Structures are given as C-alpha cells and as structure tokens.
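A.B. asks: One structure follows; several queries about it will come next.
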Amino acid sequence: RFIAKPCAINLGIQDSGPHRAQPNAILEKVFTSITKSPDGRRLEGLSKQLDWDVRKIQRWFRHRRNQDKPTTLTKFCESMWRFTFYLCIFFYGIRFLWTAPWFWDTRQCWYNYPFQPLTSRLYYYYILELAFYWSLMFSQFTDIKRKDFLIMFVHHLATIGLITFSYMNNMVRVGTLVLCLHDASDFLLEAAKLANYAKYQRLCDAFFMLFGVVFIVTRLGIYPFWILNTTLFESWELIGPYPSWWLFNGLLVTLQILHVIWSYLIIRTAYKALVRGKVSKDDRSDVESSSEEEEVTSNSTKGVFSTSSNGSNCINGHVAGGQWT
C-alpha cells in the first residue's frame, strides 16, 4: 500500500480494470447461478430469449469473466511483496549458512543427530519460512485461479509438511539447505513479473532467462545430487534407517517430481522465446486459466497486436493472444 503502489504508479501502471460487461439481469443470473461458460445449447436458448446474436452473448460472458480478474496494479503489488520476501529471506539464509559447517559438508547434518542445538537464528529462519508458506496456502484460494493451481497446492502441502516434520524431528540442518536452495530462484521469477507488468520487455526476458537457468541448475542439479544424496544415502550410512526415513524422503522426492514438471514448462517457454524473440508467457504460474481463449477472441475484432509504451508488440508485456495461439 505504501511502497509497491506508489512504485507502480510512478512506472505508469494504471489502477483500471478490464472492460465491464453491459448490465443484463438475465445473463447475470445465469453467470452467478448456473455457469460462467455456457455451452452451445444454452447460448442458443439465451440468443432466442434475448434476441441477441450468439457471438454477442459469448462476448458478454467473456467481459463478465474478465471483470472479476485483478488489475495489473494489484498483481504488481502482490509480486513486489513476494519479490521482497524471497530476496530478503534468501540473503538471510546465505548469510546464516555461510558460516555453518553443514553448508560445506552435508555429512555434518547427521553427526550427533538428534542431539544438535537449535540456535535462535535457525529458529527464526524456520518460523519465517513456515509462516510465509502457510500464507501462500490460504491466499491461493482467494487469488485468481491459475493453470498450475493443483501443482502449487501439492507443492505448498509438501513444503509445509517438510518444514513442520523436519522441525519436530530436529532435522533443521538439512532443512535449511532445502529452504535456501528453493529461495535462490523464486525472487528472479517475481522480478521478471514486475518488469512484465511495467512493460519493460527486454528486462522481463533477461530476468526470466536468468530465472530459468538458476531454477534448472538448483532444482535438477544441486537438489538431487546434494540434498537427496545426503537424505537418502548419507543419513542411512551415518544414523541408519530411522523410523521416519520413508516419509521424509518421500516428501523430498515429491518435490523433485514437481521440479521436473516445472522445468519442462520453463524450457518450453524459453524455447518459444528464442523462436519468437521474446518471452511469450510464463507457463509455470502467471497465466490465468481462461486467458488464452479470451485474448484470441478479443484480438480478432481489434487487430492482432496492441503496442506497448516501450515499442514492443505486446499486451501487458506479453505477446498478443493471436500470436500466442
């Protein structure tokens, strides 16, 4: 409210919502009580009842759906908050772990386990991360539904389960490594979103490409060969098969599966960016579930592109819907 919003206004981001639908009591009742995306049979019935063309009714429902979407200013403020948190917590973790012996030798995570001291810095690092992921879990149901809603829901469940489980079992040393590794790329994605909302296309592309490289290196390289190696093999060797070994490693492997899925989406987006010369959309998270169909239809009536202030052909920093399809 006091930082992100003034920054957005200075960057020229307007607090104006999408085009509002024409008031119509019958269509509004169908939208709120029956369906937000009527099928062909219902469209024909509404067309006869209102004496409207079917395409006009389709356009009304599209505008009505868009009416409930958050403005660019709202999304900018949300991304700026997440960017600030991810950046601060990442540097806090790096500063804390730099002097920790288990950061350089993962076998230190299991020496003298479970009789390892819990320092105040380690405690606050854990509690801050846990509180943040609980907030993401709750806000996911109130934010706009995105294409990766189910994947993110599973991710939040696994993350909260891992943080809570590792804290209760005093596996906080290896837990800090997992947390810091995941924070390394998240603030870069939020920076790319901020540049996209501000219509700085080249900066958005640069941040997204950097995010993709860091994400793949950390999640497909360091995570399996550094984290999973110590939890699967070094822990077994040093302390033996403790009772919760299967549950703990099962959650960690679940995260790895999600990493593979997201890496595929990131690589696909990066490939499209190389082919077309710009980042089209972030397939991982920042695409609303119904946006493609709506952009294509609207662009067919007003031209293929809408030129942004920095001279790139895009809508809100993305390739226009027609070209995307």
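In case you wondered, yes, glycine gets a Cβ from its N, Cα and C as well.
Because the structure is a prediction, the values reported are computed rather than measured.
Pulled the feature table from TrEMBL, pasting it below:
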DOMAIN    27-71  domain 'Homeobox'
DNA_BIND  29-72  DNA-binding region
DOMAIN    74-275  domain 'TLC'
TRANSMEM  83-103  transmembrane segment
TRANSMEM  123-142  transmembrane segment
TRANSMEM  207-226  transmembrane segment
TRANSMEM  246-267  transmembrane segment
REGION    286-309  region 'Disordered'
A.B. asks: What mean pLDDT score does the domain 'TLC' (74-275) have in the model?
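C.D. replies: Value for the domain 'TLC' (74-275), mean pLDDT as a whole number: 89.
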A.B. asks: Residue counts in helix (H, G, I), strand (E, B) and coil for the domain 'Homeobox' (27-71), per DSSP?
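C.D. replies: Across the domain 'Homeobox' (27-71), DSSP assigns the residues as follows: 32 helix, 0 strand, 13 coil.
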